[in-house]
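Participant: Encoded as C-alpha cells, here's the structure I'll be asking about.
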Amino acid sequence: MFSTEQSCWFIRKVICWRAAASVAWAVLLLPPITFVFVILSKFSFLHPIQTISECLYLLASASGIFSFILLCGVILIVGFLNLEYYTVIPTIACSKIALLGQLLHPRQFVNSLVHCIMGIIVAWCCAVTIGFRYETLGYPCTQSDGYPQMCLNEYHLILLLAGAFVGFSHSLLGVISNMNYVSFHTVQQYKYLRFKGSLPLVVKCSATQALYSVRNYIVVYLFLGYIPRAWICKTLNLHLDSSVHTLDSIAGLLDLSLLYHLWISATFLLLTWHITLLLFRIFVTEVYSFPVQSSFTEDSHQYLPKVLAEKQPKILKFLALQDLALLSQHSPSRRCEVFSLSQPGGHPHNWNAISKECLSLLTDLTQRLVAYHDTVATNGRAKSLPSGNERKTSSETSVTSGTEDLMSPRPTFVMKTPASVFARSIVGTPQSPLTALFTPDLDSPLASPALRRLTAPVEQCSPWYGTVQSPHIMRRAPKLWSTSTDSQVNGSPTPSPASVPSPKQEPSKPSFLAQFLQNRKEQVKNFLAKRVLIMYLFNKLPEASSQALFADSQAHIWALEGLSYLVQASFSEDQFGVVQTTLPSILSCMLVLQEAVDRHFKLPHASSKPVRSTSIMGDSTFKTMRFALRATLKTAIYRITTTFGDHLNAVQISAEHRKRLQQFLEYKE
C-alpha cells in the first residue's frame, strides 16, 4: 500500500499514528498475557504458591526479559504486516482457481514465510518459558560404549516446528477468510468498550483455532516428522538417543503433557497476534471528522467535499463517507454548512460536490448491476425476442436531466427492443421510421451481448439465411471461460446494423495463421471443458460472484444514508432551497438503483443468506452486504417520502418513476 499512498497526507498524519497506537497497546498488554501463559503452563495444584513464585522469578530472569524483548519485536512485525496488507474492500475469489492463485501469489508467499519465522521465535520463547524437557535443543547423553555426546531433544524440536506450522496455517487462513478485511461497525462505541466486548470472543477464537492447528500438525508430524529430525541431526551434528522413543509415532504423540503444552503455546501465539489485529481494526476504523468548509487555502484538500472526490486511498474515502452519514444524522451545525452558499457568488458548492459524488457512486453500482444481469442472462443462450410494442419499464429510462448536470459524461443505460426481427429490412437499406425507433444502441458499453449476436448480418452460406427460425434451437458446447460476448473472438465487437458495409466492400478474412491459432485455442478449451477437475477449478461460484458485486457496498450504504438524511433535514433547515434543485435527480437515481437491486435478488443465488463464519477474526460481514444495501435503500426512499409527503407530486420525474414513487407514498412497497 505504501507504493501509491505514502505521499497521502491522511496516511502519514492519521493512519500511521493510529497503527502505532494499536501496536503500543498490544505491547502494553503483552506482560499480563505472558504471565497468564506462564501460570497455565507451569501451574501445580499441589504447590500453588510455589508455582506463582517460580513464575515471577522466571519473568524477572535474564532469559525471561530476553524472551519478552523478542515477543515485542514479533508484535511490531505483526503490526507492520497489518498496516501493509489491510483493506476496506475484501478480495473475493469467484472460483477455486482464483483462490488458488491468491494462495500462490509471491506477495502471499513472503507473508507466509514471515509468519513461519515469527512462529518459530514465539515457540522458542514458549519453550524457554516452560523449561523442563523443552528448554534446549540438545542435551548431553552417553553412547553404548561409554563416550559422551550431544543428543537431539525432540521435545524442543517439535515445539519449534509447531510454531512454524501454526504461523503458516494462520497466514493461509487469513487469505481464505479475508482476515485482512477491516469492516466498520454500524453502532459507534468507545475503543475501550469495543475491545472489552470483543476480548472474550477473541480468546475463544484463538483457543479453537489453536486446537485445530495442533490436530493437523500432529497428523503431519506423524508421517513427515522424520524429515526435519534427520536434517537437524545432520546439520548440527546431533545424535538420537536410542533409549528414548521418537515422537513421530503413535506412542510418542499420545503424551497428554506434550499435547497440552503444544495447545497452550499455539493459543498464546494466536492470542497475541489476534489482539494486535483487533486493536488495529478498532483504531483504524475510529470516526474522523472532516471540516465541511475550508478556512485556509493550503488546507483545501482536507475538507469533506474534496475528500469525497478522492479515489485513493480507499480508507480515506470510506471514513469521509462515514463522517457524511454521521453529520447528516447528528450534527445540525455541520448540516448548515452543507446547505450554505458561497460568498461572493451565492453558489451551493458544498452541496453540489457532496451530492454529485454520492449520486456518482450510486450510478456506478447501478451500471455494474445492469452489466452483471446482462452477462448472466446471455451466458450461453439467447434472450427471447419481445414484441415491438412492448412498453419500457422504469429501468429502460435514463436518469433525468438534473442527474446529467450533476454527474458528468457518464453513459446512460438505455435498454431498447432487439432489432433482429427487422434485420432483413435493415441490411442494405435505410431504416424505416418504424424500425428506427426500436433500433438498439449497440455502441453502448452496456448493450446486451445477445443483441449484438442477434442483429449481426446473416451470411448467404449460413443455414439461417432466408429463413426465420427460433434462436433457442442453437445449442452451444460448455464453455470454460465465459466472455462478455460470443462475437468478440478476435477482439473486435460485431458491427451494428447501421454500420454494415455496402455489398461492394468484401469483409477482410482472417489470415491463415490467425485462423489456425483460433482453432487450436477452441480445441484446447473444448478438451479442458470435458475434464471434471478442470471444470471444478474454473467454474464460477454464483454466491461468490454476487458477494464480489457488492463487496464495496458499505460506501453506497453511507452515501444513501447521507443523501436521505440531508434531504430529510432540508425540509426544515434548507433556507435557500439548494437541495430542492437536485431532488428529482436523487429520487430518480434511487428508484433506478432499487429496480436493479430487486432484479438482482430475483436470481436464485442472491436471495439466500450465507451461513455466518464461526471464526471471529475472519470478518464475514461482506457476505450479507447486499441485504444491508437493499434494506438501506428502501429505508432511504421511505425517509424522503414520509418527510415530503404529497409535496413530491410537484417534483419533475418520469411517469414510471412517479408510479413507483406512489407505491412508497402509499406504503405498498
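Using the three backbone atoms N, Cα and C, a Cβ is placed for every residue, glycine included.
So TrEMBL says this about it:
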type     : residues : note
COMPBIAS : 395-404  : compositional bias 'Low complexity'
COMPBIAS : 481-491  : compositional bias 'Polar residues'
REGION   : 380-411  : region 'Disordered'
REGION   : 480-509  : region 'Disordered'
TRANSMEM : 20-43    : transmembrane segment
TRANSMEM : 55-79    : transmembrane segment
TRANSMEM : 116-135  : transmembrane segment
TRANSMEM : 155-176  : transmembrane segment
TRANSMEM : 218-240  : transmembrane segment
TRANSMEM : 260-284  : transmembrane segment
Participant: Report, as numbers and ranges, which residues of the same chain sit near the transmembrane segment (116-135): CB under 8 Å and 6 or more residues beyond its ends.
Facilitator: 34, 37-38, 41-42, 58, 63-64, 67, 70-71, 73-74, 77-78, 153, 155-156, 159-168, 170-171, 261, 265, 268-269, 272
Participant: Which sequence-distant residues neighbour the transmembrane segment (155-176)? Criterion: at least 6 residues beyond either end, Cβ under 8 Å.
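Facilitator: Long-range Cβ neighbours of the transmembrane segment (155-176): 99, 102-103, 108, 111-112, 115-124, 126-127, 133-137, 209-210, 213-214, 216-217, 220-221, 225, 228-229, 232, 247, 258, 261-262, 265-266, 269-270, 273, 615, 618.
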Participant: Decide whether the stretches the transmembrane segment (20-43) and the transmembrane segment (260-284) have at least 3 CB pairs under 8 angstroms, with pairs required to be 6 or more apart in sequence.
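Facilitator: Answer yes, regions in contact.
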